[in-house]
Structures are given as structure tokens and as C-alpha cells.
Amino acid sequence: MHIAVVGLSHRTAPVEVREKLSIPEELVERSFNNLKKIDQILEVSILSTCNRLEIYSLVKDPQLGIEAIKSFLLEFSGLEDEILSPHLFNYVQEKAVSHVMRVSAGLDSLVLGEGQILSQVKKMVRLGQDHHSLGPILNRLLTQAVSTGKRVRSETNLGTGAVSISSAAVELAQLKLGQAHGRDQLMTLETEKVAVVGAGRMSRLLLQHLQSKGCCSLTLLNRTRKRAEDLSAAFPDIQIDCQLIDELDSCLSLSTLVFTSTAANEPIIDAEKLINIDRKPLLRLIDIGVPRNISSDAKSVSGIESHDVDDLQEVVSRNQEARQKLALEAEGLIEEECRVFLEWWDSLAAVPTINCLRSSLESIRKEELQKALSRMGPDFSARERKVVEALSKGIINKILHTPVTKLRAPQSRNDRRDSLDVIEKLFNLDVSSSLNKPKNN
């Protein structure tokens, strides 16, 4: 068995490729079912965010398992192999373990230390559990990754002052406004006519950061008015005009700055729409949706300044050097957590031998107990029989305690293998046969 991860992220693929592998809610169950049908996969879960799609799995054979997952990604995305493959990465065993720990800690994020990824890793664990696709190995790994993410944020300064995708989007708007006025600095958004399209979690974060940057009024559009009004109620200090998304054209004509963050699978704004509306001389569009809410052809329209999640790098790079230094604090903790998991993983190699040894001694115990009880005759009471049986079980457990503890203790693979070989020879254990023996129903 091997732990493997296959996927792509903002580091390896542009948004136009990533959006092809964004898994909408309505396709999550089907995706899990298709992955579980793959013979090579023993356990699996999916991490899908705006910046990454990663399949974590326990596979029988690493090469065959990775190829099978790659085939799933090709079929799901509809992309040709020569287009998708250059953007995919895969890690096995130690590298896979280290990768998920780093992802959960925010070290692999566009914004170093951002907190939202931890919630997304928690969701990955929950999805795997809900779809009954996690076994003891991946469940232990992913649960420990969540704990590692929490530990990094509580024991280091990496999470202090970290920005999110939403805050970076607001900062990008401030930066572009400043550059338009000939200044390489962030400007307040007080005078901008702002609109936010979508009323989900990302939009909630957008509103938080817009409020902190001086925005005191905006238009909020959503597919359902109630959800927009519920979100609006959480921000009483902002004057929010809630509209249905049907009013998008009217909103675009009145706004100077529009943020989009919806779950739509196709663009809701394109060049044709922008050409056919009466709008302000300059309209800034910032799209943090994946798949993208704004078509790439919007950039070709005069008077339109359109940005997507990949453009956030301009903002992130302004303070990334300082955050890189903070990330060094987390590396030691991640190495420690990886070592703990791998020691546990290695200790599983002893389980078949321990089970075989326990079974062998249990057979001897039962055989010898039966001989002893038969000699006692009918005068031996049921209570006395229970006492003798408990005594025999206690002796076996005492005999097993020290060798089992030693075998499970942290040690090098070679040392553990040597110990297993000695025990198997001393007790004449046939571990391979016991593994292949069918279980009693």
C-alpha cells in the first residue's frame, strides 16, 4: 500500500486549466463514486478549492494508482493529455505526507499562512467520511494534517496578519486605483461605486475587507434575494442595496468596481454583455470565482480592466518576503508531524506478525487449557473453570506485552524488520499464510 496525491494548483496551472477541474457540489458524489470504483484505490478523498484540485489516496501500486487517477482527471476535465499533464504533480509516501501537512498549514497557499485552506482541508476529511471512502490510513493522515494546521497557527506567527484571497482582491482594487492616480500605493475605496456579485462565504469575506478599507455603501447581487439580505444583515454599518442577479446589466452600468464570487460553472459577464451596456468610462472587474465568473474576452473591451485570481499575485508578492521568513518557523513543526505519522505508518508493518503471534499463542492456550480441564473431571465447577481460563489469558497477555510494545515502538525500518524476522523464526510463524487465510463470517 502507498499514499499518493495527484493534482494541480496555482503553482502549476493557470486559472483557465484549474477551472476545468473545479468540482461543483452537484458532482461531488459522482466523483467519489467514480474514484471508489478504481481497483487500484483503497482509500480516497478530494480537496477542491479555487487554487487547487488534489486527489489524496491509498493505492495498491503507486504507478498504476497515479495513472488511474490521472485518467479520472482527464475524463472529468475534458482536456487532452498533452494540455493537462504538464500541469499535474504527484507525490508518493513521505513526499505526499509532507505535502498535505504543508497545504493544511498554509505553506503551499498563494497567500502564505492564509486560514481558509485549513477549513477546506477539514471539509476534505468530512467529505471522505461522509462518502465512506476513508480507511484507517488516510483518515489518520488527513486528521493529523488538520491538527498540524492548527498547531502551526497557534505556535508560530505565520497566521498573524495573513491575508486571504478575498482581502487580496480588495487590496488589488486599492492598488489599481492608486496606480490610476499615478501612485504606487493603496487608496481608499470611499468614492468607488462598488458591487459584489454572489452571497457565499467568499463574498462575506469580501464585505468584511471592503468595510475595513472605507467602503460604506455597495450593491449586493445574488440568485436569491433572501440570501443576499441575510448577508447584508451581518453588516449594519454598510449601506447595502440587495438585488437579484437579473439586475446585473443595470448594476454594471452604474458601478466603477465589481467583485464576482459565484458558484456559476459558466461566465456570467463577457465582452458582448459589456459592449452592449451604457457604463462608466472605466469599470474594474475583479473575479475570484473558479470556474471564472468573467470571461477572458472581457479584457479586450475598451474601458474595462478585468482581473482574475491569478492576478492577485501582484498584491501577494508585495509582502511575501516577510511572510517567507515567518514560514521558516513552521517548517520544523511540519517535519516533526511528518515524522510522527511516518513512525505510526511504519509500525503498521508489525501488525500482521503481532496478529499471527497472538493467534498462535491463543491456539496453544486453548489446547492446553482444554487438556487441563479434562483432567479436572466433573467436580470442577463452572466458576473454577472461568478462573483458570482468565488465568491462562492473563499469562498470554503478559508474555505478549513486552514484544508487542517493542515492535510498535519508533525505530528504523531495518531494525523493525530484523525484530520481526527473529520473532517469526523463534515462534515458527507463517505470516504470509495467515494474511491470505479467509476470515470467518
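Any Cβ shown, glycine's included, is placed from N, Cα and C.
For THR49, CYS50, ASN51, ARG52, SER109, GLU114, GLY115, GLN116, GLN120, the entry in Swiss-Prot reads substrate binding site. Annotation comment: Swiss-Prot describes CYS50 as active site, nucleophile, evidence class sequence analysis. Annotation comment: Swiss-Prot describes HIS99 as site 'Important for activity'. The NADP(+) binding site annotation in Swiss-Prot covers GLY198, ALA199, GLY200, ARG201, MET202, SER203.
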Number of Cβ atoms other than its own within 10 Å, given for SER109 (substrate binding site):
25
A 10 Å Cβ contact count, applied to the recorded positions HIS99, ARG201: which residue has the minimum?
ARG201
Can you tell me how many other Cβ atoms are located within 10 Å of the Cβ belonging to CYS50 (active site, nucleophile)?
23
What's the CA-CA gap between CYS50 (active site, nucleophile) and GLN120 (substrate binding site) in angstrom, rounded?
11
Of all the recorded positions given, namely HIS99, ALA199, ARG201, SER203, which is spatially nearest to GLY115 (substrate binding site) at the Cα level?
ARG201
On a count of neighbouring CB atoms within 10 A, which of the binding-site residues THR49, GLN120 is highest?
THR49
For the recorded substrate site, whose residues are THR49, CYS50, ASN51, ARG52, SER109, GLU114, GLY115, GLN116, GLN120, find every other residue on that chain with a C-beta no more than 8 angstroms from the centre of their C-beta atoms, and list them by sequence position.
LEU110, ILE117, ILE165
Compile a sequence-ordered list of residues in the same chain as ALA199 (NADP(+) binding site), six or more apart from it, whose Cβ lies below 8 A from its Cβ; state 'none' when nothing qualifies.
LEU220, ASN222, THR224, ARG227, ALA228, ASP230, LEU231
Centre the Cβ atoms of GLY198, ALA199, GLY200, ARG201, MET202, SER203, go out 8 Å, and tell me which other residues of that chain have a Cβ in range of the NADP(+) site.
ARG204, LEU205, LEU206, LEU231, SER261, THR262
Whole number in angstrom, please: the longest C-alpha to C-alpha distance across THR49, CYS50, ASN51, ARG52, SER109, GLU114, GLY115, GLN116, GLN120 for substrate.
15
Tally every other Cβ atom lying within 10 Å of the Cβ atom of GLY200 (NADP(+) binding site).
15
SER203 (NADP(+) binding site): tally of other CB atoms within 10 A of its CB:
24
Can you tell which of GLY115, GLY198 has the least company, meaning the fewest other C-beta atoms within 10 angstroms of its C-beta, among these binding-site residues?
GLY115
Measure from the Cα of ASN51 (substrate binding site) to the Cα of every one of the binding-site residues GLY198, GLY200, ARG201, MET202, SER203, then give the nearest.
MET202
As a test of the contact definition, list every same-chain residue at least 6 positions from MET202 (NADP(+) binding site) whose Cβ is closer than 8 Å to its Cβ.
ILE165, SER166, SER261, ILE288, GLY289
